[in-house]
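According to TrEMBL, the protein has these features:
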type	residues	note
TRANSMEM	B:40-60	transmembrane segment
TRANSMEM	B:81-100	transmembrane segment
TRANSMEM	B:112-135	transmembrane segment
TRANSMEM	B:147-165	transmembrane segment
TRANSMEM	B:185-207	transmembrane segment
TRANSMEM	B:219-240	transmembrane segment
TRANSMEM	B:270-293	transmembrane segment
TRANSMEM	B:305-321	transmembrane segment
TRANSMEM	B:333-355	transmembrane segment
C-alpha cells in the first residue's frame, strides 16, 4: 500500500513537469520590437494600404546612470500590405525582432486617406488585432503618414512613446485637440448620430502662416520658430459617417471640449477683449470647468429647442486697462457680464456653424436627447441627425469669477 | 477516507452563491442581454429576478416542509420514483450542458485576451484540473475559499467599475423602455435562465447548519446578485453605448481600457488573477453540485470520486464547438429552456405538495 502511494505521489509530482511547457505565451522583452506609432496611407495598389511602423528602441533612455547605448531611439519602416495584422510578419523581413502592437500609442492616418471611403473599414479591420488597445489615439495628419513620421524629429523627447504621450496628454488638457482614443472614436461612429472628432497634426509648417488669436489655428499654421521640431498638434478632424469632412481650429475644438462633459480638460488659458479698454486690448483669463453642463431640450414642437447651461469659473490673469476691481462692485459686474456675453456669442456662433457647415453635432448631444423619449422607435422616428440641423440652440453661461488677479495700483 | 463533516455556514453559502451567479456579469451575459433589448438590458435582471422570485419562493416553501432532505430527495418523495428520476436526470443534463459551455466560454476569454498563443486544450485542461482539485476538497473548503475571496472580488469589481465611470455616460440608458414595454416583458422570461443556478444551489441544503440559515442565505444572495447583475449591465451600457453589440466580453474590454493615471496604464493584470480565482470557485462549486446530483441519481455514495471523470466529459463536450461564436449559438437554447424549466419544476413541486396535503400535515404537526 505505501509503495503504491509513493508511486502515485511521484507520478503526480511528475505531472508538474508538464507545467514547464506552459511557455507558449512567454515573451522576452529582448525579442520584441514594440510599435509605438502606426501610420496608415492609401496605396496605389488596389486593396492594399501603406503601413508605416514607428518602432521604439527600448534600450534608449532606460539605462539608469552610466552606460547607455549609442543606438538610435527609433526605427521607421513603410511597406505595402493588405492589413496591419499581416504587415507584422512581413515587416519581420527587415526588422530582426518580433513585432508587437502591445504598446501602440497612436494610429496616424493621412488626411487624404481619412477622406476616403475605405478608411473606416480599414480601421475596423485593424483594431481587430487583439494586441491593440482601445486607449490608442487616433490622429489625422495633414501630409502622408510615412512622411509625418520621418519629419517628426523631437529634439528633447527622443523616446517616441514618451513624446506622443506627453504631446497628446497636454494637448487634451489644454483643449486644443480632441480626445480621440479609439474607444471614443468607435463609440461615436457606432452611435451614428453625431460627428466623430480626431486630433489633427502635421510636421509641415505653412509657408505664410496667418496671424490670429491665441488658439484659432489648425496644425501647421502656428508660426513658431527657433531650434525646434516642426510638429504641431492643434485642431481636430471632423468625421461625418466615417469620412473626414472638415477641420476644426484649436478654438473650436476647445469649445467642443468644454461642451462635452466626457472630456477631461484641465484649465484653459485664453484672451478676451477687455471691456474697459478702448484700444482693443485683451485680458488673459484662465477658465476652469469643474462642474458638468446641464442640457435642457424641448423636442416637442416643430423646431427643437436646446438650452445648454455651462458653469465656468474664470480667473483674471491680466488687467491691461488697470481697472480697480477691488473696490468697485460695478466694475466686477461689467466684467462678468462682458465675459458671459462673449462666451455666449462665440459658443452660439460655433454651434450654428456645426448646423450649417458641418451638418452634425461634434459632441454627444444626441445622448442627452434620449431621455425625452420613451422607446427607441420614438427616437428613431424623431430623426436626430435631421432635427439637430434645425434646432435652436441657446447657450447660458453661468460665469463665476473666482480671482481678479494681482491688484496693482491704477496709474494716476 | 470519509471527509469530516463540517457544516456550511450562512456566510460561506452566500459567498458561493454570489461567486457562482455574480460572475455572469463578467462574461458574455451583458452583451447577450444587450443584443436582445438594447439599452434597456439592465432591466432584464430586475424583471426576470422578480419573475423568478415567485416559483423560487414556492420551492423554498415546499422545501421547508422536509427540513432534513435536499431538493432531490424532496422531488423523489413528492413525484414518485420514476418521474423523480426523469426530472432529476433532465436537471443533470441541463447542468452538464451549461457547465460544459460555460467553462468553454471562460477558456475562450482567457485565450482571447491573456494567453493568445497557448493551445486551447491546454488552457481548458488546466482550468478543469484546478476546478477538479478544488471540487474534490468538498463544498466546505470551497465555501471557506469563497469567503476569503469574496472581499477581493468585490473590491476589484468595484475598482474596475469606478475607474470606468470616467468614460461612462449614463444618459445612454435612455430611452427608458428601450425597444418598448412589450419587448421588455417578452425578454423577462428568457432572462429566467440567469437564475437557474439558484435552483441547483438548493441541493446544498443538506450541508447547511440549519434551514433558517439556508433560507436567509438564499434570499440575501438572490438580492445581491440581482442588483449586481443589473448594475453591471447598466455600467457596461453607459461605458460602451451601442458598441456593446460588437463587444463579446465587456468586462475584459473595460479592464483593458481603463488605467490608473499615466503611470499605470495597463492594469488588466491586476484584475485577471482575481477574476480567475473567482472563476475557479464558480466551476468547482458547479462540478461538486453536478457530482452530487449524479451520485443521487445513480445511488453512488462516494460521489467525490466522480468529479474527475465528470470534468473530463465536460471538457470533451466543451471542446466540440469550434469557435466562440458557436458557443454563443449553442448557449442560446439553454437560455430559453433552463429558466422556465426550473420555474416549472418548482411550481409543480409546490402544487404536488399542496395536493398531497403536505402543508396541512406540517401545520398539524406544528400544532401538536
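Quick reminder: no glycine exception, Cβ is built from N, Cα and C everywhere.
All annotation found in TrEMBL is predicted automatically rather than curated by experts.
Using the rule of three or more Cβ pairs under 8 Å, pairs at least 6 apart in sequence, the transmembrane segment (B:270-293) is in contact with the transmembrane segment (B:112-135). Within the same chain, the transmembrane segment (B:185-207) stays apart from the transmembrane segment (B:112-135): fewer than three Cβ pairs sit under 8 Å, each pair at least 6 residues apart. A contact between the transmembrane segment (B:219-240) and the transmembrane segment (B:305-321) is absent, since fewer than 3 of their C-beta pairs, 6 or more residues apart, lie under 8 Å.
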